[in-house]
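Features of the protein shown, as given by TrEMBL:
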SIGNAL    1-20  signal peptide
DOMAIN    65-124  domain 'Cadherin'
DOMAIN    125-233  domain 'Cadherin'
DOMAIN    234-338  domain 'Cadherin'
DOMAIN    339-443  domain 'Cadherin'
DOMAIN    444-529  domain 'Cadherin'
Amino acid sequence: RRERAVLWCVLVAAWEAAWGQLRYSVPEELPKGSFVGDVAKDLGLELPALRGGGVRILDRGRTQYFSLHGKTGHLVTAERIDREQLCESVQQCVLRCEVIVEGEMKIYKIEVEIMDINDNAPSFKEIELEERISETTAPGSRFPLAEAHDPDSGLNSLRSYELSGDEHFSLAVEAGPAGAQRPELVLAKALDREASAFHELVLRESDGGDPARMGTARIRVVVLDANDNAPVFSQAEYTVRVPEDMPMGSTLVTVTATDADEGMNADVKYSVKTISEKASQIFQLNAGTGAITLVRSLDFEEGDLYELEVQARDGGELFDRTKVVVTVTDVNDNAPELTVSSSLSEISEDAPSGTVVALLHVQDRDSGANGEVRCSLDEGLPFRLEKSFEDYYRVLTARELDREEVSEYNVTVRAWDGGSPVLWSSAVLSLRVLDVNDNAPVFAEASYSARLSENNAAGALVLMVHAADADWGQNAHVRYRLSEGRVRGTPVSSYVSVQAETGALYALRPFDYEEVREVWVWVVAEDGG
């Protein structure tokens, strides 16, 4: 790391909301909690919605490098970010996350580009190098040297090489793919093993940072007696296609080189000269046979193409190189991942058709038909599935609900891919239907009758009426009362009463058959809605 302090100014890139996206950029290695962008301002969100927890970053089970500040609506770093660790060999390093606004049922994608700083010096895999060169080698001959590696990118990456130490050698740098620089040792003056059997050189490499960082390797050149035939590979390039479920220990390909010399000068040994860190953990080369075997399981989703540069060297240290390209083909080994991003736990029975009850996200890490996902709901339920955008689906009501018919639903959403065999996953949405007072009480009988002997006691039970309500809770709580009416000019309520909770009808005074032989009473049942 640099010894002097560096002050970074966070530059916020232009953001766009046409498709629900924001984009920011920050330098790597910022401390935890550093400002990335004002999400609340850029999305036009109110701070009360943030404090209420209605806006949050979706958790997909991956490492979260950013968090949303609940009071300010600022997007900040959740930990120190190392660009080289996250984006090896990627020119543009972009991290993505998704913000959900619960009240609006909306998803916003956020992309944050991690900008490089010059925090790594160029380095060689080995700082002590050895080149073995025949004394008969003609001046002008070139010998590839190990390339330095600088994890930084852009101007901060490797820029130049410098060689010092001996007049017999000079340095040439060839341009490789994607702007790579390949150093080569050039024989400037004929060698004489008898005059000098060894030559000590120093190779320095520097990057383009300000200030520049530098790395060093020592090269020892061993001068050999004559060996005039180099090994030759049977192919300039080997290509092989393998499925990602190939068992560990399998031989992928065997490279072969022959040497026209005899004895030790024809004894060919194989080695890998150029390979990525990831590939070095997956493939193993047999130095004696040239067989490349699998030492770790392949995963198409992690890598589908690997390139190795293999060198064949004889006992006299002459060599040839070939390229090995391994293409990994996809196997349907990943089931669709179905995630409930947001859902309701209860809904009113008078909610209109088309009410959104859940927001789902579905993805499949496989490719092609293996990664094509379809979704469905159980049949016969008053719900339907609708694609929202990209990999998001909404579950909506297909018609109005009736709590009196079904008071609770367990809706199963299934997702399956197009692979063979088909892989699938499911999620269950539990939804309780809330009651609305849409049912009136109904008496068990249209009319009730009872006989009462005259001269009855005051307070005698005449009969019981009963009404039921199909609703629930307070909406189904029934109370009874008498309707206005008169008997021989006297209010009916002076003759009988009804108990509000039970529906029991009582005589309030003794009846005289000669005065009143029949009494009609209207009883009203009302619910608590």
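Glycine is treated like the rest: Cβ placed from N, Cα and C.
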Just give the helix, strand and coil counts over the domain 'Cadherin' (444-529), going by DSSP.
7 helix, 25 strand, 54 coil
Give me the mean pLDDT over the domain 'Cadherin' (339-443), rounded to a whole number.
90
Using DSSP, how many residues of the domain 'Cadherin' (234-338) fall into helix, strand and coil, respectively?
8 helix, 48 strand, 49 coil
